[in-house]
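Enquirer: Okay, these came from TrEMBL:
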type     : residues  : note
DOMAIN   : B:5-80    : domain 'Glycine transporter'
TRANSMEM : B:6-24    : transmembrane segment
TRANSMEM : B:31-52   : transmembrane segment
TRANSMEM : B:64-84   : transmembrane segment
DOMAIN   : B:93-166  : domain 'Glycine transporter'
TRANSMEM : B:118-138 : transmembrane segment
TRANSMEM : B:150-168 : transmembrane segment
TRANSMEM : B:174-193 : transmembrane segment
Amino acid sequence: MQVQYWFELFGTAFFAVSGALSATEKARADWFGATFIGYITAIGGGSLRDVLLGNYPIAWIKDVNMIYAVFAGIVMAKVFYSYFIKLKKTFFLFDTLGIALFTVVGTAKAISLGVGNINAAIMGMFTAVFGGVIRDMLTNEIPVIFQKEIYATACFAGALLYLTLHSYGVNFDYNLAISGSIIIIIRVLAVRYDWQLPQFKKHE
Amino acid sequence: MQVQYWFELFGTAFFAVSGALSATEKARADWFGATFIGYITAIGGGSLRDVLLGNYPIAWIKDVNMIYAVFAGIVMAKVFYSYFIKLKKTFFLFDTLGIALFTVVGTAKAISLGVGNINAAIMGMFTAVFGGVIRDMLTNEIPVIFQKEIYATACFAGALLYLTLHSYGVNFDYNLAISGSIIIIIRVLAVRYDWQLPQFKKHE
Amino acid sequence: MQVQYWFELFGTAFFAVSGALSATEKARADWFGATFIGYITAIGGGSLRDVLLGNYPIAWIKDVNMIYAVFAGIVMAKVFYSYFIKLKKTFFLFDTLGIALFTVVGTAKAISLGVGNINAAIMGMFTAVFGGVIRDMLTNEIPVIFQKEIYATACFAGALLYLTLHSYGVNFDYNLAISGSIIIIIRVLAVRYDWQLPQFKKHE
């Protein structure tokens, strides 16, 4: 689980970067606001999962390293600001790594708490995407996940794959590698080829 | 409680319809977004109640049928889309049945957990209206319940009536019928005759 | 703790005032909407803290006086509406007393539940500012704390001071007086001299 743990901290840091950038671009936040929104983006999804499951103490209260990871992300966002804004691809890479890992970790935690399969997949997806949803609500945007290329859908698909492999006894490390990779591949292809889910109802 | 349970599933399904329609009309959601917002509209109020009361496992994690009810609602929203949009009255009917039942069920659950009367009424109202509040926040609207005809107020009144009858020993089924009907009647009259609560402060 | 308790009720009432005014000015709320938003502004921060810490029953469910304090605030908001709108300074005073007290009380509660120092300071700040954040989200504003003069920052500084003095064994009453005063002083000076934190990134 060592590798998973480090990835989780990395994911946390990069979600913090994403929140800080968003707060700055959309709400002209000061240092504090950027930190606050970065922090909520990073820990929002996992907090929601733990609160919904009654899994106390919740992740970042149990492990102060997650707070340090957030602060590391804020510092990175400041230092590499121009790079992150220009090199959208760099940023995209880390965001994608983040959601891939958060999905698998969140799904695995839900399973270990005895949650059924569908709900576990929902929890995995929540872990990955809800930090961003809260970020968008705080900066008064319609959450991008409802409008953009395949995003939460990739997480949900990855979570279902994880659960399938898990039911066949595939061990955690391999499962993380496979299911996480699928999420990354779907995301990359979706952005590369501008995949879209069909609109729920066509607008003329 | 059999009847209550079926009504609860129906209420869940129709709130899911409401969320899916709203996501489509206001945020041009794709299939996934419509499902996601429909889902949150349906389970948001009950989740908030259970989390505030520390009542674990929360309703839809304990009972996977609630998830199926949500999916049934999404499918209905797609199939009957034009009907639902045109026949606002059909939709209004089910929404009203939904809040009436959710209010009574939510209040009863709070009472059974030992919550005091005022807070139980608040919990009943939260169960009924907060799914819609979160739906409106996600689609970046000012929640309608703060601006529209009597809505949450009808729920709160019904919850208080339920508590009064409960204190006189009226059994659950009768109480559900009476208190639920009052909510429906207030709602129907409010919309029919355009009842409004007075503005908190007049705007010239 | 008698004094603290009364202050907490006062803080609750004045946050309710703030919510009711905001709902009226920004969302043209009716009586119910003003009460609802006032209520959520007053109990939102403490509820979030208790839910994140798994500290059940949460504050306002345990103690119905907090509900009465909210209603007192709503009545005050109605009766003194014109005063509150005109005399922004009066309102500012009570808001500042509120955040000072809520920060210290929230931090102390977190510590007593065994939470580590950084997280306890975050919880204290959440208690003070998150009611306002939810209020702004409900009325569809970008939360002011991300854009305004030093606000949450003052709470965080006060929480850190509280923790420092606490670690030196300063008793609660003195600590409340000192840390609370620091928050008030920072807030007053920040508004008086228009202190701002630097933008995270300069916008030309």
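Just so you know, glycine gets a Cβ as well, placed from its N, Cα and C.
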Enquirer: Rank B:6-24, B:31-52, B:118-138, B:174-193 by Cβ pairs under 8 Å to the transmembrane segment (B:150-168) and hand me the top one.
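Expert: Out of the listed stretches, B:174-193 contacts the transmembrane segment (B:150-168) most.
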Enquirer: Do any residues of this chain, six or more beyond the ends of the transmembrane segment (B:64-84), have a C-beta under 8 angstroms from a C-beta of it, and if so which?
Expert: 8-10, 12-17, 20-21, 24, 34-35, 38-39, 42-43, 90-91
Enquirer: State the non-local partners of the transmembrane segment (B:6-24) in its own chain: residues 6+ outside its ends, Cβ under 8 Å from one of its Cβ atoms.
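Expert: Tertiary neighbours of the transmembrane segment (B:6-24) are 33-43, 65-66, 69-74, 76-78, 81, 84-85, 91, 94-95, 97-99, 101-102, 105, 131-132, 135-136, 138-139.
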Enquirer: According to DSSP, how is the domain 'Glycine transporter' (B:93-166) divided among helix, strand and coil residues?
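Expert: Once the DSSP states are binned, the domain 'Glycine transporter' (B:93-166) shows 60 helix, 0 strand, 14 coil.
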Enquirer: Sequence-remote contacts (6 or more beyond its ends) of the transmembrane segment (B:31-52), Cβ cut-off under 8 Å?
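Expert: For the transmembrane segment (B:31-52), the far contacts come to 12-13, 15-20, 22-24, 58-60, 66, 69-71, 73-74, 77, 102, 106, 109-110, 123, 126-135, 138-139.
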Enquirer: Where DSSP helix means H, G or I and strand means E or B, what are the helix, strand and coil counts for the domain 'Glycine transporter' (B:5-80)?
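Expert: Per DSSP, the residues of the domain 'Glycine transporter' (B:5-80) fall into 65 helix, 1 strand, 10 coil.
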Enquirer: For the domain 'Glycine transporter' (B:5-80), what is the mean per-residue pLDDT, to the nearest integer?
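Expert: Residues in the domain 'Glycine transporter' (B:5-80) carry a mean pLDDT of 87 in this prediction.
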